[in-house]
Structure formats: structure tokens, C-alpha cells
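Asks: Take a look at this one; I'll ask things after.
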Amino acid sequence: MSGQSFPETGQRPGGRHLGELRKGQRARVTGVDETAVVTSLPEGELERRMIEMGLVEGSHVEVLHEAFPGRDPIAIRVNEHTLALRRAEARAVLVAPAA
Amino acid sequence: MSVMTSAAVPPRIALVGNPNCGKTALFNALTGSRQKVANYPGVTVERKIGHFVSPLGRRVQVIDLPGTYSLRARSPDEEVTRDVVLGRFAHEESPDLLVCVADATNLRLNLRLVVELKRLGLPIILALNMMDAAEKRGCRIDAAALSAALGVPVVPTVAIRRGGVQPLLDQIDGAVALAAAADAAESPAPCCSPCGSPNGWSEPSSRELRAYHQEVEGLLARCVTDAGLPPVATRRVDAVLLHPVFGLAFLFLVLFLMFQAVFAWAEAPMNLIDGAVSGLKDWVAATLPDGALRSLLTDGIIAGVGSVVIFLPQILVLFFFILVLEATGYLARAAFLLDRLMGGVGLHGRAFIPLLSSFACAVPGVMAARTIENRADRLATIMIAPLMTCSARLPVYTLLIAAFVPDRPVLGGLVGLPGLVMFALYAAGILSALAVAFVLKGTVFKGAREPLLMELPAYRLPNPRDIALGLFERARIFLARAGTTIFALMIVMWFLASVPGAPEGASEPAIQYSIAGMIGHALEPLLAPIGFTWQIAVALVPGIAAREVAVGVLGTIYALSDSGDALQSSLAGALAASWGLPTALSLLAWYVFAPQCIATLTVVKRETNGWFWPAVMFAYMIALAYGASFVTYRVASALL
């Protein structure tokens, strides 16, 4: 099923995540994998929250704004809505550059 | 038959939807002022209920549930939404009808919740709210096709326009009748277990959540013929307001204007209230014969409740700003801008709003902390909220500054010394709050911060009706508290300060012979090391009820008969003559920290469901107050 989380988890060589995108960059979400993120949440919770907020395979994202200091958190456009999140947690969202 | 049932128990409908979908505007449009706010049993989330009469003459009860993105609740607010929808509250079945409110300009995210709710099997109507804004953007939604694909009625609404909810009203009538008929057919026997309630609900897995998304994509492909333009205006405004430099500068400008307004706009109404209270006092004093009853009424109840009610204008101005900023969508931006800065001491960006409210009064501040999902983050925010300089400290600060700080220009005439001292007192509160937060997050509330995952809604013009209803609600809650809890406390405090009465031929003010006086005298040796006189010790006892009461008590002790501003100025003279500067500075330091507000402690007890956290708060604040006063007094005595 389309719902199966990606078996090839972890930082795939050459794979990018949302946390490293800079302002103005666009991408397509290819997977959600929270294993690389340190969080206070129970296992699987961050992934589910990301999906609920629209960060799911196939979504189009674009980094719109970066806060101060440290360009963190970031505001991203997810399809039609705008979402604020920290770069640390954005690592859980795997992306491929938009075609 | 269905008419019979509906006459006995009005059908209940619940409004469910994402935050920022215009749900509350729709609730206000449906019910007007026929609404009330209460608390859910056991939790402190506000429960907004209203009613309206449908076009067919049916009385319908409406519940406005806290906004959520999913039934998997993350905060106390969202838990209420889940529990009401699932019928988990005792004595409260699932609603007869769910009205899912979806922002038509942001259908993908909003439909996700609708798809999840549909699984429950409850009757649903989907209200496509803000249709006007969607159409303006060139978005074309085929409501009929969406209705067919979802299997639920779909009605477009514009909550902020007159008549914009008429299609929804018509649809509710039909749906309620249908639900009642189905109920009657399904369960001829009187049913005690919730009929047709979604008992089998369990948290969806990430696989199911992905499936919901697939379903939404399918719906969108079939029913949205033109997605329209993205909100360009919001993006352009955000380019400035979320700018690392201009954005922060604008935020501080907004905060500055807000504080300015809290003091400037509120001044005239506060003087009016002050005048009315002393007028009432004089009238009662002139009407009743001298005695305990007159004293209880004038010195206890009228003066006591009046000293709290006088803050109503400031609280309303503050809430006016908060409501407007929230309605425009700016508050979420403020949390975004400050997340990293607040993160330096381990706080969540969302802690900004509660802390800001606490400058007016810690009570609404502590209550506003509910929007923080994580318990540790929420508790840390609650614990430091009373360190923000609330408006009740102002009378004390004003009095002591007038008495002891000479009005001379400093920094080349740019500011006066009194203003600088006032600023220093505010800064001391903020800095100590940050320090306490840092310590708390490093010890008791250790662990990674709650993730930030926050929607930044498109900017909108606030609707005056929604702001007015919100303010009205705040005023009512505040006055109800002043009329109950604070009223009762004032009677207790009056009792402590007047019983037993002064003996025959007493030369000292009566309070010195009372229980409060005895407590004050007993405390004196304890407070002597920080430079407090017995008069201060006596004033601190009734001052526990509310900080500003101490000013009135000092007036009583120094046997002054003035009230209001006259009391302030003549008392300032009396204090300047009888206290040393170190004592005054020590008392100022005390007031930065001291937890002298029963209202705050009781609201913390309510919000944390127990006496443990209020006790911790009281202990740590008293310790800080004593320490700060001790250091201030010793250093000042040595230097001056």
C-alpha cells in the first residue's frame, strides 16, 4: 500500500531533507522518517503529526522565510498552506528537488 | 414523533474544524449573543455553547469545539474536541450532528480532518466556509460533486456576511430531522449506552493517515476544477513581517504600542471606576450607622472588590489587542519570530502569548498557556508567568517611586529617573523569569522541546462582531471571578484585619490589634533582616489577597483618611518621612517576586489539577523575594 513507510530509511546517500533547504528552494516530499530526529515525543508521533500537517509523500514544499537567529525556524509553503517548523524536526521530511 | 423527541431534548450539533477555519465566526453567526462559556468538568478548557432557532422553528443547541487537525489530541483543548465527538464525557452523548467547518481556501488540509471524522459514522454536514475568499482567488469547487463523492451534504458558507449561513441553517433542519428519525427507528427501547456512538475509534496509524491523504487527493482531483491563485498578498506582507530584522522590529513596535495603550486608553475608565467605587463607599458610609456591618461593606467588600474591578479596563484593552492580533493571523507569526529567542531558555514560541498576557494579569496569562501542547513546556510557562510585572504591582511601584525616587532627568534629559526605575523593575521581572525558565528546563522539565509545527494562516481583516463578542466574554469571566472568589477572599481579609477590634482608648490604628496585626508583628523578626518595618509586615498580610491592597492598608496604618490619588500623594510623603531608602528599595525588590496574589495561585491550581504546583510556585517566589530583598537591603545600606 501507499501507506507503508519507506523501508530504505536513514540518510540515504545523496538524499536530502527539508531541514537543509534554504530560503527560496522548492522540493517534493519523498518520505517521512523520524529516526534521525531527537524528540520528546513517543515513537511514531512526529511522523504522524507531519503527515497530519500535510507533509506527506508527493507534497510540494518551498521555503518562504527563515527566522532569526540561525535561520531557524523556517516557514514553508506546503501545497496551499504555510507551516512553521524548526530545522531540527524538518530533518524528518525527506525531499527531492522539484523538477 | 421526531417532533416530540426534539421538543423534549433539543438536538445538539457540534462545530468541528481546523484552527483558523472561521469556526468561531460561524458559531457567532449562528448563535449571535445566545451563547455562554463554561468549563468542562474536570478540565479547564472552556466550553462554548449556544443555541438558535432553525427556519422550521426547531431549537438547536450548538457546541463550538476547540480547533484541531486530527482526533489524535495533542493538547488539553484538542482532547476536549476528541472526547465530545466520541461521547466520552459522562452524561453527554455524542452530538446528534457534526458540522465540519472547512476553510475553502485551504481545502486539502481541511478535508483531511473531514475524511477522518467521516469514519466515525456520525451524521455530518460539511460547511465550506470563506467561500467568498476562495472565489476571489479564482478557486472553483464543485460542491455537488464533493457532496456526492464524500456522501455528506456540502454547503458553502460565508460566516462574516449577513445571510451567509442560511444554506447551512436549511441543511441543519433536514439533517436533524433525519437523525432523529433514524434514532427512533434504530432504538425503540430507551437506550442508556450512547446510541450509534463511535465506540470503536482508535488512533489512526501513519499508514491510515497516508490513506486519508490519498482519499483527499482523489476528492480534490474530482471536485476542484480550478485551484485558483495562492494567497499572494499574505506572502508579500510576510516578506516584511517575517523578515529577520524588520519583522522583529515590527513585533517590538506592536508590543510597545500595546503597552502604551494598556496604560493610556485605560486611564479614563479606571478613573471613572475609581470615582464610582469611592462614591458608593461614601454613600454607604453616610447611610449606615457606624459599626461592623458598615466597616465590612465599605472597607471590606466595596474597597476590596473595587480594587480588583478597577483593572477591568486594562484587561479589556490587552485582550482587544490579543483578539485582533489573533484574528488577523499575526500571533502565530509572533510565535514564529520568537521561537528561537525563547528557545534559548528552553521555552516554546507559543509561550510568548501567555507571558504577554501576564503583563496585564497573570490569571489570563496562566489560562492562555493551554495552547502549549507539551506538559513540561506548559508548566514551565505557567511557573514563570507571575514574574511578569502585572498591572496590580503598578500602584505599589508608583507609590514607592513617588516617595523615594527624585524626579530628575538622566541620560542627558532623555528620560526621568522615575521612568528609568520603573523600566528597571519591569526588566528585573522579565530577566528573572527567563533565568527561572532556564533553570527549570535544565532540571525539573528536562528533555527536548516540543516540536514546533504551526500553521501560519493567511492574513485576514478581523470581524468587529467576533472581537466584540470575545471581549464581552472576557469581561464577564473577569467580573464573575471578582464577584465570587475575590468577593469571598475580601470578606476573609476584612475579618482578619478587623477582629478583634481596638480596645477602649486605643491610640494606634485598629488594624494593629487585629489578627492581621498580630500576624504582622509575629512576622516582623523574620522580615527585619530585609529591612521591613512592622507596618510593612502588617500590610503584607491582607496584601496576600491582591498586591495592590497593601497600598490601602499602609494608608490605614499611617492613619490617613484620603482615598485614591490623594491617598497616594499624602502617603508618599508619610512614607518618605518614616522609611529609609534601603527599606523602600528592599520593598520594591520584594514586589518584583513575591507571590502575593491568591487569584493567581488558585488559577494555577485549577490549570494543573492540584495544589502541588501552586505550592512550588509560592515557595520559589517567596524564596526569590526574600533573597532579592535581603541583597538589596544589605547592599543599599552599605552603599548609602
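Numbers run from 1 along the shown chain.
A Cβ is built for glycine as well, from the same backbone N, Cα and C atoms used for every other residue.
Look at TrEMBL and you will find B:10-178 tagged as domain 'FeoB-type G'. Residues or ranges marked as transmembrane segment by TrEMBL: B:245-266, B:301-325, B:345-367, B:379-405, B:417-440, B:478-497, B:532-559, B:571-591, B:611-633.
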Asks: Compute the average pLDDT of the predicted model within the domain 'FeoB-type G' (B:10-178).
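Replies: 88, rounded to a whole number.
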Asks: Applying the under-8 angstroms CB criterion, which one of B:245-266, B:345-367, B:379-405, B:478-497, B:532-559 scores highest with the transmembrane segment (B:301-325)?
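Replies: Comparing B:245-266, B:345-367, B:379-405, B:478-497, B:532-559: B:478-497 has the most Cβ pairs near the transmembrane segment (B:301-325).
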Asks: Is it true that the transmembrane segment (B:532-559) and the transmembrane segment (B:379-405) have 3 or more CB pairs under 8 Å, sequence gap of 6 or more?
Replies: yes
Asks: Counting CB pairs under 8 Å, which listed stretch among B:245-266, B:345-367, B:379-405, B:571-591 touches the transmembrane segment (B:611-633) the most?
Replies: B:571-591
Asks: Please work out which recorded stretch in B:245-266, B:478-497, B:571-591 has the most C-beta pairs separated by under 8 angstroms from the transmembrane segment (B:379-405)?
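Replies: Going through each listed stretch, the top one turns out to be B:571-591.
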